[in-house]
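Sequence annotations record features per position, and here TrEMBL assigns Zn(2+) binding site to His187, His332, His336. Annotation source TrEMBL lists transmembrane segment at 88-107, 167-191, 203-224, 230-250, 262-287, 293-313, 334-354.
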Amino acid sequence: MNYTKTKCVVKRKAKDTDETLCFSQSRMSHPHTHCHPNRPKRYPLLSFWELPDYMKDNEYILRYYRANWPFKQALFSLFRWHNETINVWTHLIGFLLFLGLTLANLMKPRVVDLVEHFTRSFSLSSEKNVSHSIKDLFMGTTLLFDLNHQTPLTIELESTALVIARWPFFVFLGGSMFCLFSSSMCHLLCCHSRDLNLFLWRLDYVGIAVMIITSFFPQIYYVFLCEPHWQILYLGGITAMGLFTIATMLSPTLSTSKYRAFRAMLFCSMGLFGIVPAIHACFVNWSNPRRNITLAYESGMALSYLTGTLFYVTRIPERWKPGWFDLAGHSHQIFHALVVAGALAHYAATLQMLEWRDSYGCDTLQ
Ligand SMILES: [Zn+2]
């Protein structure tokens, strides 16, 4: 352990409590500083120049860094202001949002069973007439959490007698949660030690790759439901590409800041791979009444991800005014927010696909 002399300065006396600011004189100092024997340790925030080399990633963010903090302190810094606070919370909130959506969707089958039981007590002929009017009513609207959507779906299922698998939908939800949670934990705990830092960044990149791969699953599965050879080809292709990306990301060298553009290129090429099945899907499902709304959501997703990547690579706006966006507004926070927005847009598009397949099965006539 490399302990160095630390200087304690009483910055100002406010009311009864004196706020003590500790800072280290040495660049490599360990932050085990005791300013007062009875006061709990408060680890100082450092400037970019005081950081150990492994933490020097963005030279345009100048202050409020944590470095070499004990695990417990790093964990509780969730509730403290530093330059990673918003990065942690943006993806933690995103994770909780997707967790809520997953639980709501997992509870759906029970709702379906209840509604089915209820509807069977009515005559089938009157049911069918009602079902079409309800279906038309719900066709153009997508509510993210609305379990009542099951009402028209259940009735329609009886006529098509085809139960559409849910697992690709949950694969996407699981992949999104894994990405958002690992990213959040990475930003929270990467200040602990060099080894954990390197491991967590690699985990973060793996999380992004997993999210991209799993995002393809429901779309490809539901669009090509009735053409299994395309299903297998596209799902196999994106999985192979994703596994290659993950294997590459696990290399410690490629997770350094030097390879930022390379990583972005790899992720973008995975995303762009989706253009082939997307164009194919448009041809296959051109007569799908939900085509326009699905395309609108997917365009929103693509725009969010591409804009986010642009911020990630260029490090705008902090490169224009170094030090101005240390706590709030820097590129990585914008990137995080756009990732959550893109994932939500994709979720909405996936719901459209799922409900369309639930309603029509493999019927091509709409
Ligand atoms: Zn991040």
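The backbone N, Cα and C atoms fix where each Cβ goes, and this holds for glycine too.
The residues near the Zn(2+) site, meaning same-chain residues not in His187, His332, His336 whose C-beta sits within 8 angstroms of the mean position of the site's C-beta atoms, are Glu84, Ile86, Asn87, Val88, Thr90, His91, Ser183, Gln333, Phe335, in sequence order.
Considering other CB atoms within 10 Å as the measure, the emptiest surroundings among the binding-site residues His187, His332, His336 are those of His332. Long-range contacts of the transmembrane segment (203-224) within its own chain (CB-CB distance under 8 A, at least 6 residues past either end) are made by residues 164-165, 168-169, 171-172, 174-176, 178-183, 186, 230-231, 234-235, 238-239, 241-242, 245-246, 249-250, 255, 263, 267, 270-271, 274, 277-278, 281, 284-285, 298, 343, 346, 349-350, 353-354, 356-357.
Against the transmembrane segment (230-250), stretch 262-287 has more CB pairs under 8 A than any other of 88-107, 167-191, 262-287. If you look at the transmembrane segment (262-287), the same-chain residues 6 or more away from its ends with a CB under 8 A from one of its CBs are 205, 208-209, 212-213, 216, 219-220, 223-224, 227, 230, 234, 237-238, 241-242, 245, 248-249, 254-255, 295, 298, 302, 305-306, 309, 312-313, 364, 366.
With a threshold of 8 Å between CB atoms, the same-chain residues lying at least 6 positions outside the transmembrane segment (88-107) that come near it are 78, 144-145, 147, 166, 169-170, 173-174, 176-177, 180-181, 183-184, 187-188, 333, 336-337, 339-340, 343-344, 347. His187 (Zn(2+) binding site) falls within a helical segment according to DSSP.
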